[in-house]
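As given in TrEMBL:
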DOMAIN    1-46  domain 'P-type'
DISULFID  CYS15-CYS30  disulfide bond
DISULFID  CYS25-CYS42  disulfide bond
DOMAIN    52-95  domain 'P-type'
DISULFID  CYS54-CYS80  disulfide bond
DISULFID  CYS64-CYS79  disulfide bond
DISULFID  CYS74-CYS91  disulfide bond
Amino acid sequence: AKCQCKLLPKERKNCGYPGISAAECKQIGCCFNASTPSVPWCYTPKPKKVRKVCPSDPYARINCGYPGIKAKDCTKKGCCFRARPAGVPWCFYHRVTEE
C-alpha cells in the first residue's frame, strides 16, 4: 500500500542492494523513491496497521464459546459477544482488517 511507503528519508531502512531498479525493489516487497540523494531509495515499508473488529454479518461468525456462555466469560476469552439472532454463535471471534 502507498501509505506504507510514506516514511521520512532519515527513517528509511535499506531493503535492496546498490543500483537496484525500482521494478526489482517493488518485486521483493519494498518501497522505491529516488527523490532524495544519499538515503536508501529501496527501503522497507512500514508495517501494516490492523484492527480487530467484530464481524457485522451474523452468518460469518466463527464460534468462540459454547451454548449458554455468558457475555463476561466470552469477552474474557477475547471474543465478541452479541446475544442475537437465534441460531448463530453469540460468542465469536474477531476478524482482523487492514486500515
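Using the three backbone atoms N, Cα and C, a Cβ is placed for every residue, glycine included.
Structural mapping of features recorded in TrEMBL.
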residue: CYS15; record: disulfide bond; contacts (Cβ under 8 Å, 6+ apart): CYS25, ILE28, CYS30, CYS31, PRO40, CYS42, TYR43, THR44
residue: CYS54; record: disulfide bond; contacts (Cβ under 8 Å, 6+ apart): CYS80, ARG82, PHE92, HIS94, ARG95
residue: CYS64; record: disulfide bond; contacts (Cβ under 8 Å, 6+ apart): CYS74, LYS77, CYS79, CYS80, PRO89, CYS91, PHE92, TYR93
Around the Cβ of CYS25 (disulfide bond), other Cβ atoms found within 10 Å total 21
Return the count of C-beta atoms lying within 10 angstroms of the C-beta of CYS79 (disulfide bond), excluding that atom itself.
21
Please count the residues of the domain 'P-type' (52-95) that DSSP assigns to helix (H, G, I), strand (E, B) and coil.
9 helix, 8 strand, 27 coil
